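As given in TrEMBL:
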- B:111, B:114, B:151, B:154: Zn(2+) binding site (BINDING)
- B:126: Fe cation binding site (BINDING)
DNA sequence: TCGATCTTGTGATAATGTAACAGAGGGCGG
DNA sequence: CCGCCCTCTGTTACATTATCACAAGATCGA
């Protein structure tokens with residue numbers, strides 16, 4: 001389980017490591033880690049927060065890296081398709097993946113106060129839901145699991 | 001667990017009962033079950049499928065019940081807020097609730113072939129995810145759980 | 001009946017996401 | 001080196017999903 005993101009940590013390293021890991025993965029798999037894609041990943045890593053495609057586009061625009069929606073969406077598609085980022089359906093927004101490259105069924109803990117997002121592992125192919133799905137004859141392939149609530153910092157600070 | 005919707009059943013009764021249950025609930029709670037709201041609920045009950053807001057709006061328009069987006073969205077908001085319907089985030093679409101009025105943490109099984117949706121119960125406040133959330137100090141209030149795969153009918157018929 | 005409140009009608013617009021096509025650049029066989 | 005193919009980028013236009021604001025109608029209790 002990867003519930004860092006709420007805990008205090010060396011965030012500079014967090015970004016550097018994230019980018020490095022993805023860069024290596026791309027090299028290993030023959031994927032092109034272009035400037036736009038790198039920059040989008042950095043933006044996503046910046047806050048352990050979900051960013052909307054248009055937030056990202058604004059940043060890219062400021063930096064002269066592209067100005068039209070497809071630029072942002074293509075970079076995001078690339079990152080999502082290759083498991084370097086995830087889409088949070090509930091927010092129509094995106095976060096960097098906590099363990100890039102590993103294929104997994106991610107679950108997310110979203111703080112409704114500070115908007116931080118932590119990633120956890122929740123393989124829905126086991127557990128109670130999977131069991132009743134199996135009983136009904138339903139075969140689960142993918143799952144969106146997004147829990148909303150209060151993170152430790154916010155739940156301490158105020159109700 | 002309520003995984004009907006995939007199983008064969010008396011669907012006429014299914015709609016009637018759904019509407020009746022909601023009507024009674026509204027009477028009991030002093031909520032107005034207006035024609036638009038009733039019709040939207042019927043449309044949602046019609047197919048155990050998720051319908052987009054604009055699909056619904058089209059039907060309402062044909063029937064002279066309203067022609068602008070807010071009409072559909074307001075009816076849907078009413079149904080969702082009172083637990084008579086749910087939004088499927090992954091599809092930007094809506095389904096009727098399988099057990100109207102009961103407060104619960106619904107999970108959904110979405111068939112990627114026939115688009116049918118079944119509702120199941122998956123209280124995320126227990127189970128492995130809840131446990132690691134608790135360890136991280138995160139308090140889960142609500143959860144979106146949407147599993148995608150093949151329903152029994154489609155998985156039998158073809159891959 | 002009056003007023004408070006909830007509901008609906010409507011036009012406008014915001015936010016999110018895609019399609020389609022032209023051009024830039026790089027690798028690679030000729 | 002040239003031309004071809006492929007991927008990535010730039011840009012216009014558009015599609016889909018969702019909300020705001022305000023006026024008018026319906027409902028209900030005092």
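The count begins at 1 with the first shown residue.
Every residue, even glycine, has its Cβ placed from backbone N, Cα and C.
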(request) Could you name the residues, excluding B:111, B:114, B:151, B:154, of the same chain that surround the Zn(2+) site, i.e. Cβ within 8 Å of the Cβ centre of those residues, in sequence order? (result) B:6, B:112, B:113, B:115, B:116, B:150, B:152, B:153, B:155
(request) Sequence order please: the binding-site residues B:114, B:151, B:154 that have their Cβ under 8 Å from a chain A Cβ, otherwise just none. (result) B:151
(request) For residue B:151 (Zn(2+) binding site), write down the residues of its own chain that are at least 6 apart in sequence and whose Cβ falls under 8 Å from its Cβ; none is a fine answer. (result) B:6, B:109, B:111, B:113, B:114, B:116, B:118
(request) Compute the C-alpha separation of residue B:154 (Zn(2+) binding site) from residue B:126 (Fe cation binding site), stating it in Å without decimals. (result) 31
(message) Taking every protein chain in this structure into account, which of the binding-site residues B:111, B:114 has the most other Cβ atoms within 10 Å of its Cβ?
(response) B:111
(request) Name the secondary structure element type, per DSSP in three states, that contains the residue listed as 'Fe cation binding site'. (result) coil
(request) With a 10 Å radius around each C-beta, find which of these binding-site residues (B:126, B:154) has the fewest other C-beta atoms nearby. (result) B:126
